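Here Swiss-Prot flags C14, H17, C33, C36 as Zn(2+) binding site, drawing on sequence analysis. Annotation source Swiss-Prot lists repeat '1' at 123-199. Under the heading repeat '2', Swiss-Prot lists 217-293. As annotated by Swiss-Prot, zinc finger applies to 10-41, with the evidence given as sequence analysis.
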Amino acid sequence: MASTSRLDNNKVCCYAHPESPLIEDYRAGDMICSECGLVVGDRVIDVGSEWRTFSNEKSGVDPSRVGGPENPLLSGGDLSTIIGPGTGSASFDAFGAPKYQNRRTMSSSDRSLISAFKEISSMADRINLPKTIVDRANNLFKQVHDGKNLKGRSNDAKASACLYIACRQEGVPRTFKEICAVSKISKKEIGRCFKLTLKALETSVDLITTADFMCRFCANLDLPNMVQRAATHIAKKAVEMDIVPGRSPISVAAAAIYMASQASEHKRSQKEIGDIAGVADVTIRQSYKLMYPHAAKLFPEDFKFTTPIDQLPQM
């Protein structure tokens with residue numbers, strides 16, 4: 001009985017028409033008496049499903065009851081003040097256009113972050129990187145931005161370096177030249193910013209190896225698996241035998257692809273490989289020259305030669 005009394009006490013009703021049903025206006029958040037129109041409750045929460053608004057809908061009513069998703073990386077929780085349209089003459093400028101409609105106030109820090117996040121997303125789209133890498137790059141940029149350790153470096157340079165680091169950390173490394181191709185920053189500046197970012201965040205990245213690039217390079221060159229496996233084996237053996245000391249993994253991978261392709265029927269030129277790997281022809285030749293005298297030891301035993309080793313190009 002006591003329970004029933006408590007329920008009765010908590011019941012919302014019109015004081016003039018307690019028995020009249022109430023109309024719930026979820027858009028306004030009000031409960032209205034159906035008899036006299038009195039608002040007897042406000043701030044009603046709609047527990048129904050959310051609606052989306054599409055740009056081609058002609059109705060002026062927006063069924064959405066919430067704004068865009070919050071971004072936890074922004075300092076203000078992604079909340080900002082929006083000034084709606086006014087009704088008085090002071091709300092319009094000399095040309096009759098609304099002065100303040102949809103004007104948004106946002107901190108300079110958040111504006112800087114949003115601009116950098118857009119740049120990271122744009123670069124990632126152009127080289128087909130997944131959202132997981134974009135999210136990691138955004139987090140790295142946020143840490144650098146909050147730490148204020150890279151003063152004097154442009155946001156574009158920091159964004160490019162963070163995207164490069166994110167690729168390395170996610171196990172899908174890209175070369176500096178690939179990042180530079182979709183960035184507004186020079187390769188040299190990205191390299192500098194990369195080192196400064198690692199130092200500022202007190203983090204590290206795994207060393208890149210020839211295997212990190214082999215699959216992608218061979219796929220872009222339209223080479224079959226047989227050539228890819230041979231090139232991977234050649235590059236790995238060359239490193240293990242210390243044939244190419246001081247050479248970058250990218251140049252070793254490119255030279256190994258050149259050697260494997262020249263021994264098969266799927267031959268690729270130094271220029272074709274260089275364009276894909278982002279290295280100069282002379283760089284490929286220098287690594288190939290070191291590897292050629294040991295070619296017999298570098299190829300896998302089951303490789304089917306179309307061109308014998310003694311007929312391979314000599315530099």
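Each Cβ is built from the backbone N, Cα and C atoms, and glycine gets one as well.
In this structure, C14 (Zn(2+) binding site) belongs to neither helix nor strand by DSSP; it is coil. Shown in sequence order, C14, A16, H17, S20 are the residues of the chain, 6+ apart in sequence, with a C-beta less than 8 angstroms from the C-beta of C36 (Zn(2+) binding site). Sequence-ordered, the extra residues of this chain that approach the Zn(2+) site, with Cβ no more than 8 Å from the Cβ center of C14, H17, C33, C36, are Y15, A16, S20, S34, E35, G37, L38, V40. In terms of DSSP secondary structure, the repeat '2' (217-293) contains 56 helix, 0 strand, 21 coil. Secondary structure at C33 (Zn(2+) binding site), taken from DSSP and collapsed to helix, strand or coil, is strand.
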